[in-house]
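The block underneath contains the structure these notes are about, expressed in structure tokens.
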């Protein structure tokens, strides 16, 4: 692992520090931009050409990241200082091999291996971190799934052991939903579909992400710094809107920090962790963990001071650079600049060369802006951008972000224009 760093070189020279992004979506793009600001050389990898991060990288490679030989060919050629996974669809054996060969995998190969597999993650949360979670059981047959759902109780959630963004998951309201849940898990799983996890439904007040970052302090000691919890809601298992700070009690906020600290201490390494939790009153349950910047954390592009978004914090940690913070009641906290919110801009249709309109109206709204990711292809439900808004009142920011997002229309080469108003579930402005 790298140590506290006081020097940086210059990109494309023999003094350069170099990062290799495995995954080049919108989150990787922001990491790449922050790296460019510090003169760090950026190499981006993804399964398709001209992915967002590739557009701001020094070099890029296109290939199957589940192919270990392909990954090794890139790593041996580039010899990066840090290998930064941005997605889950990566050959895990390769990550362990890179580490064994002396490369720095962020935060470490084991954390990535645990986080992408729900059984490994749940057992780590409960048995190693010893944090509260919803009740859960596993099923490997349809009969076992019926039995597990009965024991957990209705409603409950079924999820493929390996999946993301809501794929392979089902909200089971009663026994009549179980065949559909079984089919969803079996057909939408990533990798093995042998086992399904059944989780108790928590009737939470708000779902939050704690963007805990493990990094070196100015004395060279690894510490964990906690930004304010980010509130968010999902539609069909995928992030749709987020805001910071989440509206939770002071007691719940301290519990969020406590749980995130226990989890990240167990996972180890350096970098930011998106720790997802449910909050109801003063009670908090751990849910999932992403050992990388989190999509809900894009709100920090507005809510944090310039140069300190979740992407900048991640990069600082990865490079061995310090992050400022203030100790309050035993936790090292990162100060927020202003309450802010995001709302997604999604495609309703599929096709190439997306175009956007409504920008004159959207970009005329005070204290708001739009980020378009530059993805060359749209498909139904794909996130192509976000609206960002900020205000001293987080509720105002939430409504403004939603309003601005819904001002944007988009089309592709093969489709007509469509707006964002086809989706109204959970929205504030109906």
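Yeah, the Cβs are placed from backbone N, Cα and C, and that goes for glycine too.
The structure displayed is predicted, hence computed values, not measured ones.
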Legend entry - Given Swiss-Prot lists 26, 27, 295, 375, 382, 383 for N(1)-(5-phospho-beta-D-ribosyl)glycinamide, the same-site residue among 86, 88, 97: 86
Legend entry - Candidates 79, 159, 251, the one Swiss-Prot lists with 118, 199, 200, 201, 202, 207 as binding ATP: 159
Inset, instruction - Whole number in angstrom, please: the longest C-alpha to C-alpha distance across 118, 159, 199, 200, 201, 202, 207 for ATP. - result: 18
Inset, instruction - Within the domain 'ATP-grasp' (123-319) only, compute the mean pLDDT. - result: 96
Legend entry - Pairwise CA distance, residue 288 (Mg(2+) binding site) versus residue 295 (N(1)-(5-phospho-beta-D-ribosyl)glycinamide binding site), rounded so that it is a whole Å: 13
